[in-house]
């Protein structure tokens with residue numbers, strides 16, 4: 001097959017890492033060949049820039065470090081290093097679980113304390129013995145294991161779920177099975193088709209969501225996998241995918257601090273950055289909401305701790321203040337992140353945060369995603385809950401990324417469609433830049 005089949009492609013993303021190598025290549029395939037042949041480190045991903053034809057092989061992937069928006073870049077990550085489940089006894093498992101089944105932190109494979117290891121990266125260079133991740137270098141029938149940081153316990157097994165294609169973990173966001181009919185028996189519409197239902201969930205728009213054929217998927221964080229149906233009278237419906245019997249993967253590295261958008265943050269901070277106490281996730285007062293812990297078992301919605309279940313810019317929570325529905329939380333960055341960013345070459349394409357707009361805001365490229373009344377913006381390539389024609393394909397120069405406020409049609413200021421079914425669109429909660437310079 002194609003060498004790129006083993007990689008997950010993400011457009012417009014730059015990844016920061018100290019361990020990288022620069023190459024001049026003509027295309028992505030040549031860059032992938034450089035990654036496969038890399039001997040300076042384990043190559044888990046590569047970046048390719050279309051304009052400069054620059055290839056960067058990387059030791060890290062998006063699960064291990066921070067990412068930035070970068071218009072010209074394409075990130076390719078080796079799928080094997082993104083997979084958080086095991087096949088069989090897991091000899092090829094390359095995920096980032098680093099705790100044993102009893103919760104003990106794993107010892108790094110290259111270290112000799114508290115246990116002197118038999119299996120080391122030098123002796124077993126192809127066993128993936130990097131960091132302190134669970135591995136199975138000796139083909140143990142009980143699956144991946146690690147030496148532990150507990151002097152009284154030399155090694156222990158890790159709890160790694162099976163890659164079961166016939167069942168789903170959590171809410172099925174990683175389901176890759178081949179069920180193609182809904183729970184009521186309707187046949188699913190192909191994701192690359194627009195009949196009988198027009199939609200924006202195409203493989204082109206969501207290359208990382210595995211929208212193959214007409215298989216049930218969960219590309220938008222719904223309760224479980226679903227599909228558009230081939231019945232003109234039924235737009236979409238959930239699929240009947242059973243839950244896996246094995247435990248879902250536990251949160252990985254950096255869970256007590258902020259890494260990336262903080263979707264893996266599992267710390268105990270429960271107050272917003274402006275000092276408001278957080279509302280418990282399992283309560284509906286003072287704010288009613290849909291993030292109910294039982295519905296989303298893998299989002300870490302415990303107590304009233306700050307979390308990021310919906311891919312926001314960083315962890316947040318509903319507040320106990322009835323006049324403030326939600327706010328972001330101040331989560332400390334993971335150790336070394338700030339120093340790491342300072343010591344790395346950030347590409348010129350990475351935009352600085354913008355909190356204001358100039359003129360009518362047609363050049364605004366910030367990441368604000370809420371309206372003047374506090375409603376969350378609908379993604380531009382989504383047709384839920386509002387169908388529209390302001391798509392990235394129709395307005396290629398308007399930077400209609402994610403659900404960020406934009407002004408593609410020359411309106412008075414940046415705006416967006418809202419996620420409130422009763423309100424189609426609103427202007428965004430942004431000020432003109434000259435408002436900040438007034439006394």
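Here the Cβ of each residue, glycine as well, is placed from N, Cα and C on the backbone.
TrEMBL entries are annotated by machine, without manual review.
Residues or ranges marked as domain 'Apple' in TrEMBL: 1-80.
Per TrEMBL, domain 'Kringle' is recorded for 84-163 (among others).
Look at TrEMBL and you will find 166-244 (among others) tagged as domain 'Kringle'. In the predicted model, the domain 'Kringle' (166-244) has a mean pLDDT of 88.
If you look up TrEMBL, you'll see 167-244 (among others) marked as disulfide bond.
The disulfide bond annotation in TrEMBL covers 188-227 (among others). Long-range Cβ neighbours of residue 227 (disulfide bond) (same chain, at least 6 residues apart, Cβ-Cβ under 8 Å): 180, 182, 188, 189, 191, 214, 215, 216, 217, 236, 237, 239.
Annotated disulfide bond per TrEMBL: 216-239 (among others), in sequence order.
Here TrEMBL flags 256-334 (among others) as domain 'Kringle'.
Among the features that TrEMBL reports, disulfide bond is placed at 257-334 (among others).
Non-local neighbourhood of residue 278 (disulfide bond): 270, 271, 272, 304, 305, 306, 317, 318, 319, 320, 329, each in the same chain, at least six residues away, with C-beta under 8 Å from its C-beta. Annotation source TrEMBL lists disulfide bond at 278-317 (among others).
Among the features that TrEMBL reports, disulfide bond is placed at 306-329 (among others).
Under the heading domain 'Kringle', TrEMBL lists 355-433 (among others).
The disulfide bond annotation in TrEMBL covers 356-433 (among others).
Sequence-distant contacts (6 or more apart, same chain, Cβ under 8 Å) of residue 416 (disulfide bond) comprise 369, 371, 377, 378, 380, 403, 404, 405, 406, 425, 426, 428. The disulfide bond annotation in TrEMBL covers 377-416 (among others).
Counted within 10 Å of its Cβ, the other Cβ atoms near residue 428 (disulfide bond) come to 24, all protein chains included. The disulfide bond annotation in TrEMBL covers 405-428 (among others).
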Counts of helix, strand and coil residues, the domain 'Apple' (1-80), according to DSSP: 16 helix, 36 strand, 28 coil
Leading stretch by Cβ pairs under 8 Å, where the reference is the domain 'Kringle' (355-433) and the options are 1-80, 84-163, 166-244, 256-334: 166-244
Pairwise CA distance, residue 257 (disulfide bond) versus residue 356 (disulfide bond), rounded so that it is a whole Å: 29
Pairwise CA distance, residue 433 (disulfide bond) versus residue 334 (disulfide bond), rounded so that it is a whole Å: 32
Cβ neighbours of residue 257 (disulfide bond) where a neighbour is any other Cβ within 10 Å: 17
